Every structure is written in C-alpha cells, then in structure tokens.
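Annotated features, as they stand in Swiss-Prot:
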| type | residues | note |
| --- | --- | --- |
| ACT_SITE | 117 | active site, pros-phosphohistidine intermediate |
| BINDING | 11, 59, 87, 93, 104, 114 | ATP binding site |
C-alpha cells in the first residue's frame with residue numbers, strides 16, 4: 001500500500017447544516033488523517049478555474065453557482081491509498097445510488113448538493129491541493 005495525499009472539499013450544504021464534524025468523523029474513522037483544513041468562500045473566478053474541466057458541460061454554471069452559495073471546507077487528507085479510500089467513503093456521486101454508511105448516502109441531498117468533493121486521481125489530487133494550499137499549510 002502507498003501513502004498518498006488527496007484533496008477533499010466539504011460543500012455548502014454540509015456547512016449550512018452544521019455537519020462538518022460529522023464528515024470529518026467519517027474520514028478519520030476510515031483511516032484518513034486531515035493534514036490541512038481551512039474554511040472559505042470561493043469566488044466565482046476560483047470556482048470556474050477549479051471546475052474548468054467541466055466548463056463545456058451543461059451543469060457547469062449551476063455547479064459554480066452552488067459551490068459559491070456558501071462557505072466550503074478545503075482539506076488535504078493523508079493515508080494509505082488515500083485517493084481510493086476517500087472515494088469509497090464519499091460514495092457514489094448521486095446520493096440515491098450511494099451505499100449505506102457513506103457520506104453522500106447519509107448526508108447528501110442531491111447530485112449537486114452531495115456533501116463532498118474528492119480527487120479522482122493522483123494528478124487531480126496534486127492539482128487540487130496545489131490550487132488551494134501552499135506546502136507550508138500542510139502539517140505532517
């Protein structure tokens with residue numbers, strides 16, 4: 001097994017319902033260590049740049065509007081096979097299709113308001129971590 005870093009973003013629906021701690025408990029109980037975390041409001045420009053790979057998709061504008069509708073919590077997670085492990089504990093994108101006991105099944109409200117974003121590959125993790133965090137913000 002390989003120790004990896006991955007990126008996670010707790011979405012506005014979770015923040016508004018005061019469930020940040022609950023999400024962190026899922027992550028930590030799965031064996032992931034939170035090595036960086038900060039809360040912020042994304043600007044429209046930041047959201048557009050972050051989700052640039054989806055720019056041509058029909059849901060892009062709605063996604064940007066949603067993710068800028070409230071605060072988000074940005075995180076760097078560390079652990080054995082952290083990218084895959086985080087994807088498993090998050091659950092399927094659509095909460096209605098997610099397995100019981102996953103973050104999205106238990107806390108997600110819709111495909112868009114599905115509680116959490118997580119990197120889907122090593123390249124995505126590197127890009128997404130670098131987008132929001134400097135090396136000095138990641139505490140080992």
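Using the three backbone atoms N, Cα and C, a Cβ is placed for every residue, glycine included.
Positions of Swiss-Prot features highlighted on the structure.
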{"residue": "11", "record": "ATP binding site", "DSSP (3 states)": "coil"}
{"residue": "59", "record": "ATP binding site", "DSSP (3 states)": "coil"}
{"residue": "87", "record": "ATP binding site", "DSSP (3 states)": "helix"}
{"residue": "93", "record": "ATP binding site", "DSSP (3 states)": "coil"}
{"residue": "104", "record": "ATP binding site", "DSSP (3 states)": "helix"}
{"residue": "114", "record": "ATP binding site", "DSSP (3 states)": "coil"}
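In this structure, the binding-site residues 93, 114 were compared by how many other Cβ atoms lie within 10 Å of their Cβ, and the smallest count belongs to 93. The most densely surrounded of the binding-site residues 87, 104, judged by C-beta neighbours within 10 angstroms, is 104. A straight line from the CA of residue 11 (ATP binding site) to the CA of residue 117 (active site, pros-phosphohistidine intermediate) spans 7 Å.
Separation of the C-alpha atoms of residue 87 (ATP binding site) and residue 117 (active site, pros-phosphohistidine intermediate): 9 Å, rounded to the nearest whole number. The recorded positions in question are 11, 117, and the one with the fewest Cβ neighbours inside 10 Å is 117. Other Cβ atoms within 10 Å of the Cβ of residue 59 (ATP binding site), summed over all protein chains shown, number 12. In this structure, the CA atom of residue 104 (ATP binding site) is 10 Å away from the CA atom of residue 117 (active site, pros-phosphohistidine intermediate). The ATP site in the record is lined by 11, 59, 87, 93, 104, 114, and its two most distant CA atoms lie 21 Å apart.
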